[in-house]
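What follows is a short report on a single structure.
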C-alpha cells in the first residue's frame, strides 16, 4: 500500500491479494477468547467447512495511527505467507471485517510459559533441551531466509497436539536483515536492539540472545531483571554483564549453551545453525518428552480446575441457606483469591510472562481497540446475561462461573463434540465425578429455575470443548491483567513515540542545519568564484596590454633596425662612389704619365710601347679592383658588426622590457593571491562560527530532549511505584482475608521463646497494653490489619522493586519519589515489622529478602521521614536482625507461622511429577544458609616474610664465596619470589621450570650450535645470573641479597682496607657528583637514541631503554609548569658561564670563522676580477681560476613597499636612434660588466 493510502484500502492489487473476500463470521463459529496480549485478543474457533479447529488473532486498524496499524498488519500477513516449516505456526488466511483483521492460524495447546504457570516449577533439563531444539530449528529456518523474529520468549514458543514446538507471534518480525528498529519485549531484548536507535543495525543473532534468556526463563520461571521496571531493565541489559544461570544443579552443557547464546558482543555470539550442533540439544533424550510434558500438564490443569470447582461449590453450597444477605459479597470476596491462586505467578508482574508485551508499533497500536471492535455482539450478550444474573442473585452467578470452569476442565484430552439436544450439564461422560462432601446438603435450597437457567447459559457457552493446557482461571486472569496493563502498554508506546519524535526532531534539525551549511558554502563559493573571475579578467586585460606593448616595441625595433641598416648602406655607397671617382682620376693621371714616359723614349718600337702600356693599364686596373674589393669587404664587415651590436642593444632593451612586464604581472598575481587568501581566511572564520553555532544548537537540543526523556522515565518509574503499591495492598488484603479467624484472635499474643521487643528497635512500638485489651471497633480492626499487612510491606516492596535504581537516585529524586508514592516512608522503628511481614510471603520472596543478600546500596537507603531526613541501617538493627533470623522465624504483629503443607494445600498446588534438585529447584532438605558473620580481619603474620628474607640473605652469603654458584642462586631466587608474590607452590614450580629450561636452551644454543667453550659459557652464565639476581632483588626490595653477596666477597679477600677506603672516597664523590654525571650520561644516551631510525628507537623504547623522565629532562619545555606535552620541543640549554667550553663547541666556532674568511675571500676575488683587463680574465679563465657567471632566468621580485601596480615608467630612446621619431623618450641602460 502506498504511504499516502487509507487504512483498509484494497485498491493496490498487491495488498488485495493478501486478504480473502469471504465473511469470516460465516466461515468460523464458536469463537471463544483464549488469550490476550498487547496486540488484542486470540480466539478459539471452528471452521464450518471442514470442522478444523483454528486460532484467530483479531487486530483492529481503526482509531489513532490507523495507517501504522494497517502497515503492521500487512507486514505480518506477508511474513506469515512466506513461512513453510514444521517449527513455525501454519498460516490459514486473513479476512477483513469492520476495520478488524482476522488472522487465522493453526491452533496450538499453549505456550511454554503456560507450562511454568501450571506446574509452578522450572522444567526439567531434558524438557528445556527439547523445547529449545524445536525453537532453534524454526529460528534457523527464519535466519536462512534473512528473517528476524525479534520477540522470542516462552510465551511465543507454542506446543501443538502432536508434540511439535512452533514459533508464533510474528507481529514484531522483520523480513529484511539487518534491521535497526527498537522492537521486542524489554526483558528478552538483546543489547544491540536496545542501542539500535543510536548505534546501528543488527541481524538474526538478536534471536539467539532472546533464546538464551528464554532458557533462563524456563530454568528459573522468570527472565533476569524481571522484578525490575521495564525501562530500568533496558538500561541494565545494555550496560551490565550478560546474565547466567543462578542455580548450580544444571549440567555444564546447559550452562555452556546459555553462555554462548548470551555473548554481549554480537560477533562472538554463534548463529542458530551453529547452535543446532551443540551437545546440549543433540544429547540423547526420550522421543516422547514433549508429549509426556503435555500430558502431565493436562492432568495438572484438570486437577487444578477440579480443585477450584470443589472449593467454589463448597463455598456456594455452605452459604446458600443464608440467602442473598449481607454475607454474600463477603464470601464472593473470599472466593475471589481462589480464582487467582490457581494460576498465580510468584513473580511480581505475571503480565510480562504470558501475554506478548511487545514494543512494536503493531502491538502498541492494536492493543487498545481490539476488544471493542472485535467482540461487540459478545459484549451485548454478556451484558444481557449479567442483568439476568443480577436479578437472579449471587448464587446463580457463582454457579454459572463454577460450571463454566467445570466445562473447561473436562476437555483436555481430546476435542469433544456434544449433541445440541442435551440440556443437562452432567450428561457429559467426560465431566469429572463430583462426590458430595459430608458437609454438603443433599439438595441446595436455591431456586431450581435459577440453577437450571445458569446451567443452560453455561452449556450454550461451552457446548463444544477444545484441548488446551491453560486453566480457566488463567484465561480470565489474562483478560483482567490485559485491562490493568493497558496503561503500562500505553506508557511504553508513549515512550517509544517520544523517542521517535525526538529522533525525528534531531533529524529535522540536522537536515535544516545541513541546508544552512550548504547554502553558506554555496554563497561563499559564489563569492570566491566571482573574485577569481574578476582576477582572471584583470589578468587577461594586463596580458593583452603587455602583448600590445611587446608587439609595438617589436615593430618599432624592426623599423629602427631597417633605418639603421639603410643609413649604414647609404654611407657605404657614398664611400664606394668616392673611391671609384678617385680611382678614375688616378687612372687618368697614370695613363698620362705612362704616355709621357713613352714619348720620352722614341727608340722603343711602337708595338712594344703598346704592349707595355697595356700591361701597365691592366696592373693599374687590378690594383683598383683589389682596392675596391677591400673596401667592399671592410664595408660588409662593418655593416655586419654594426648590425650585431644594434641587435644586441635591441635584445637587451627587449629583455629589460619583458622583465618589467613580467615583474608587473607577478606583482599583480601576488596581490590577487593575497586578496584571495584574505577572503578564504574570512570565509573560514565565518564557516567556523556557523558550525560552532550549529553544534551549540544541536547540543542544546540534545540536552533538552535528554532532559525530557529523563523526566518521562522518572514519571514512568513513579507511576510504576504507585501501581506496585496498589498491587501490594490488594495482595496483603487478600492474605489477611485468607488467614483463619483464630490468627486474628491471637494477633496480640507473643509466640513462646522470643524476648520482649526493645522500645525503639525493630517491630511495632510497644505501648504497654496488650493488643487484645486495647479497645477497637471492627472497622478499626480492619484498618489495623490493612495497615500492618499493607502499608508496612509497601515500603519493602518498593525497596525491592527499585533495587539498585532506588539506591542510585539522588536525594532530591528520592524525596520526589517518596512524595509521589502517596504514603510516608516508614521510620526506623518499623524496620522489624517490614522484615517480619516480608518473611511471611512466598519462599522465593523470603530468599530474596534475606538481609545478607542485600547489597550495600539497597541496605543503606531504607526510608524517608516526613521531615525529609534519611535514616540508615545501624549496627544495632543489624544485630537484632541477625538474632531474629538465627531463631528460624521472626515475630509478626498479626500473623503466626503457617506450616508449609497448609500453604500448599490452600494455594492449590498441582498434582504432577515431583521436581528434584537436579532440575534446578532448591532442595527442601538443605537448610537455609545462615547469615555471614562480620569478622574483623586479623593482622597478617610477618613471620613468613622474615623467614624468606633471612633465607635469601643466607643463600646470598653462601653463594658469594663461590661465583660458580650464582646460577644456582638465581634458580632458587626465582621460585621464592614467585611464591612470595602470591602464586603459591604452582607458581614456584613454574618459575623453577622456566629457569631450568632457559639455562638448558642457552647451553644448547651457545655450546652445541655455536661451539662456545664451556669456561666462557660458565663465565657468561655467572655474569647473567649476577645481573638477574641484583635486578630481581632491587625490583622486589630484597636488600639482603646484594648485601650478602658483597659481605661474602669482602670476607673472601683479606687485603681490602685500601680498596674500601678508595670505595668510600669514590662513594662520596658519586654522592656529590652522581646526579650531574647521571644527567649527562642520560642526555648523551638519549641523543644517541634519537639519532637512530624510528623502528630501532621504538624497539628500544618498548624494551624500557627510553623513559618519559629522561625525555622530559632532555626537552624541558614539554614539562613546563606541570604540563606534559606529547610532542617534545627542544628548549634552550642553560649553561653555566663559569664552566669551561666544550671541545666540540670550540671546533664549531673554528668552523664558523673558516666559513666567514672563505666568503670574504670570494667577494674580494670577484671585485678584483671586475677590474682586470680582458686578456688577463681570459688567461685566468683558461687556467681554471675564474669562471663566467651565468645570468639567472628567474626575475627578481621587488619588496611589497616598492611594487608598482601601474604601467612601467617611460624609457629614454636608445643611443643611435633619431630623437624626433618617438613621442616618448627611453632611458639607456648600462651593459652589465663581464664576469
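Positions of Cβ are set from backbone N, Cα and C atoms, glycine also.
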(message) Quick test of your reading of Swiss-Prot: among 896-916, 917-937, 938-958, 1043-1063, where does it put transmembrane segment?
(response) 1043-1063
(message) Can you tell me which of these residues Swiss-Prot lists as phosphoserine: 9, 62, 486?
(response) 9
(message) Of the ranges 840-860, 861-881, 987-1007, 1071-1091, which one does Swiss-Prot flag as transmembrane segment?
(response) 987-1007
(request) Quick one: sort out which of 802-822, 1012-1032, 1096-1116 is the transmembrane segment according to Swiss-Prot. (result) 1012-1032
(message) If I take the alpha carbons of residue 42 (ATP binding site) and residue 9 (phosphoserine), what is the distance between them in whole Å?
(response) 24
(request) Take the C-alpha atoms of residue 9 (phosphoserine) and residue 656 (phosphoserine) and report the distance between them in angstrom, rounded. (result) 88
(request) Could you tally the C-beta atoms, other than its own, that fall within 10 angstroms of the C-beta of residue 656 (phosphoserine)? (result) 14
(message) In the three-state scheme derived from DSSP, which category covers residue 40 (ATP binding site)?
(response) strand
(request) Across the whole of the domain 'Protein kinase' (28-281), what does the mean pLDDT come to? Round it, please. (result) 88
(request) Could you tally the C-beta atoms, other than its own, that fall within 10 angstroms of the C-beta of residue 9 (phosphoserine)? (result) 12
(request) May I ask for the distance between residue 36 (ATP binding site) and residue 656 (phosphoserine), taken between their Cα atoms and rounded to an integer number of Å? (result) 100
